[in-house]
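As recorded in TrEMBL, the features of this protein are as follows:
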type	residues	note
DOMAIN	A:89-278	domain 'ABC transmembrane type-1'
REGION	A:1-26	region 'Disordered'
TRANSMEM	A:33-54	transmembrane segment
TRANSMEM	A:88-112	transmembrane segment
TRANSMEM	A:124-148	transmembrane segment
TRANSMEM	A:160-178	transmembrane segment
TRANSMEM	A:199-221	transmembrane segment
TRANSMEM	A:257-278	transmembrane segment
Amino acid sequence: MADTALARSRGHARTTERERPPRRRRRPSPLHLILIPLSAVMLAPLIWMVLLSISTEAETRRFPPGLPSGVHWQNYLDAWHQGPFGHWLLNSALVSVSCVIGNLVLCSLAGYAFARIPFLGNRVLFVVVLATLMVPFQIVMLPTLIVMQHLHLTDTLGALIAPNLATPFGVFLMRQFFTTVPKELEEAARIDGAGRLRTLASVLLPLMGPTLATLSVLTFLNVWNDFLWPLIAVQSPGNMTIQLGLQNFQGQHFTNWPVLMAGTVTSQIPVLVLFVLAQRFFVRSIASSGLK
Amino acid sequence: MAVVAADRAAGERRSARRGGRAGGSGPRLRRADHLAGWAFVSPAVLLIGVFGLVPVVWSLLLSFQQTDLTSPGTWTGAANYQKMVHDPVFWQAARQTLVYCVLFVPITMLLAIPIAVLLNQKVRGMTFYRMAVYVPLVTSTVATGVIFSWLLNPQFGLVNAALGKVGLPQQGFFQSTGEALPAVVMMTVWGWLGFAVIIYLSALQNVPRELMEAAALDGCGRVRAFWKVELPLLAPASSFLLVWLTINALQLFDEVYVTTKGGPLHASTVLVYYLYQQAFVDFDGGYAAAIGSALFVVILAVTMVQLWLSRRASHYEGN
């Protein structure tokens, strides 16, 4: 609502300033009448999450629900004291960032070789990598758990990092990119005596900022929001990621809505901030992952 | 992602065969090239092999064993598959997974098209409107589950309050056997709508402007131009979404785990939830692996349909 009012006043100010003919003045579009309720419906769950997190316990259980009487920040302190949210956030950050770095390095190397080095077995290996794209995670998770037992990684952060260090989609994305880079660029560097690794690092990678960023965003989101694998791979609270921690917290506080919601808000803040800051980027990543 | 990626690669393999591009045996192959190639791909390929390929075979082997996943199993032949065929809960889970897909996929797609068209207009504040539609996409499934447990709470939830306002009766949602699954559909549509909208919106933005201008010159109104020009051009996006959303719907787990735990009375038990329960509550890893194989076959079939559809589509483009 405020948005239309603002738009109207801004539009008005501009027309008087430049003294345009009145019929060219832009009225607020009637589309706002659909767009505003739509946004309200999409945002309502998140707005209520925040409202509940600052309510008293009684206020979350009255019917019909209403606005909180005041801001009870105490819920956040309670959540923070009752569950190691800081620790869980740190674990999630460690795991996600490790996987992002792993994917950037390993998928660049593999993607480059698949696109540019005609080594023996290139095509066969690439088809094998692509085939694994079609395998649903629920099939591989049971044996992966056994692999982790053999590697003595069960119930460690390592168990969460290892399976996501290099992803078939990352290899595919990088190979796609390297096939589009002109060969001449690379050949020039090679003639100047640079080795393959040097060419890759100093000539090719600087060109692929957007592709690397797409891969980073997708890897980060997938790993940060992953739930099923941490659920079965990790048991001790000290090794939980934020998603698993929050679910655990829900199990203990399912009747205490304000504290539970404060914990939920806490768990969402890092990704929400990232999203608001880099919205355009998220969107491009998701669009490019689906269609081209 | 998987399907489209594989599909694109298939197209490339075809063109590679004709053009003899990367990957083929070039005129001069030096040993250093082979070594460099293998050195560059081996870390990624090894990891993908260990965590993506070996487990597929292993999982198939597990499905013929009796195992709790922590100690070595014993071979039982096809016993797990026999059990599966005669297990009423398995069939209930399969049926409910199907019902979930049939509700979730079309609802998400049908809502996404008009919203994408709306978000493609030139209106002030569009950045905000788009953000509002996209933001559930980055909300984690656990947080979504927690929030909707309150919103859909039968006693004091917001949705029942809204229903009361317009004179509709109060619902049980997650606590009712008839409504648990539809409630999960509602929650996941909210979470996935932004994804479908992004795909449709990027397809709409790729519609050439000249095409719409030509339609307008020919006296075609905005509404007719949408039906006759834009909507047919959304077909590739729709076929991608149909498959991608279906594959993801078949793998539904997180939201069910956080809200209903498959209940009440198995009313929202879907295949992956049942698999999880068998493996980690009843410690029947072999049976869980057998359920996994069944799921894999279904997902593979959906993937094949997609490959077939897109090959047909590219034939049309070729002509």
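Sequential numbering from 1, following the chain as shown.
From the backbone N, Cα and C atoms, a Cβ is placed for every residue, glycine too.
Residues 95, 98-99, 102-103, 106-108, 110-112, 114-116, 126, 129-130, 132-133, 144, 148, 151, 153, 204, 208, 211, 214-215, 218-219, 222-223, 226, 229-230, 233-234, 241, 289 of the same chain, all 6+ positions outside the transmembrane segment (A:160-178), place their C-beta atoms under 8 angstroms from a C-beta of that stretch. The list of residues near the transmembrane segment (A:199-221) in space but at least 6 beyond its ends in sequence, with Cβ under 8 angstroms from a Cβ of it, reads 96-97, 99-100, 103-104, 107-109, 112, 164, 167, 169-170, 173-174, 177-178, 181, 185-186, 189-190, 271, 278, 281-282, 284-286, 288-289. Residues 49-50, 52-57, 59-61, 72, 75-76, 78-80, 82-83, 85, 88-89, 92-93, 217, 221, 224-225, 242-243, 245-246, 249-250 of the same chain lie 6 or more positions beyond the ends of the transmembrane segment (A:257-278) yet place their CB under 8 Å from a CB of it.
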